[in-house]
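All remarks here apply to the structure that follows.
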Amino acid sequence: MWSLPPSRALSCAPLLLLFSFQFLVTYAWRFQEEEEWNDQKQIAVYLPPTLEFAVYTFNKQSKDWYAYKLVPVLASWKEQGYDKMTFSMNLQLGRTMCGKFEDDIDNCPFQESPELNNTCTCFFTIGIEPWRTRFDLWNKTCSGGHS
């Protein structure tokens, strides 16, 4: 059986500690990288229908006769720490020339009247259960326009 002399064994202890620490850091880094990749994949798949739900809900709750549609997504992110998959987003919505109950709102032009405020900015938090095709509006806060 092979063994190190006691003085050599003590000099190897810091080296072993360093290697085990490096292994833990590498594992944690790879785990975080994989988790971020999974988040990005979920965002790519589930954010578009969540945006559609947000705009649909805005139009449904709005007292305005005209439909609004998405101008740009100002910011969006996947929330952590909820039971359901949850997205928060800041959206800018523009007022269209179509009524909100018309069929083809996506192809409807925006109103461009300078005397009217035709855009509003809204913050939404929406929980989703994609396996059940269920969306729950948890927060909607809007400013400007006819919100």
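Each position is counted from 1, following the chain as shown.
Even glycines carry a Cβ here, placed using N, Cα and C.
Look at Swiss-Prot and you will find Cys98-Cys108 (among others) tagged as disulfide bond, backed by similarity to another entry. Its own atom aside, the Cβ of Cys108 (disulfide bond) has 16 Cβ atoms within 10 angstroms in the protein chains shown.
Marked as disulfide bond by Swiss-Prot: Cys122-Cys142 (among others). There are 23 other CB atoms within 10 A of the CB of Cys122 (disulfide bond), with all protein chains counted.
Cβ contacts within 10 Å of Asn117 (N-linked glycosylation site), excluding its own Cβ and spanning all protein chains shown: 11. If you look up Swiss-Prot, you'll see Asn117 (among others) marked as N-linked glycosylation site.
Asn139 (N-linked glycosylation site) is surrounded by 10 other CB atoms, counting those within 10 A of its CB over all protein chains shown. Summarising the annotation, Swiss-Prot assigns N-linked glycosylation site to Asn139 (among others).
Positions annotated as signal peptide by Swiss-Prot: 1-28.
Considering only the recorded positions Cys98, Cys108, Asn139, Cys122 (disulfide bond) has Asn139 as its nearest partner by CA-CA distance.
When the recorded positions Cys98, Cys108, Asn139, Cys142 are compared by Cα distance to Asn117 (N-linked glycosylation site), the shortest distance belongs to Cys142. Within the same chain, the residues at least 6 positions away from Cys98 (disulfide bond) whose Cβ sits under 8 Å from its Cβ are Tyr66, Ala67, Asp104, Ile105, Cys108, listed in sequence order.
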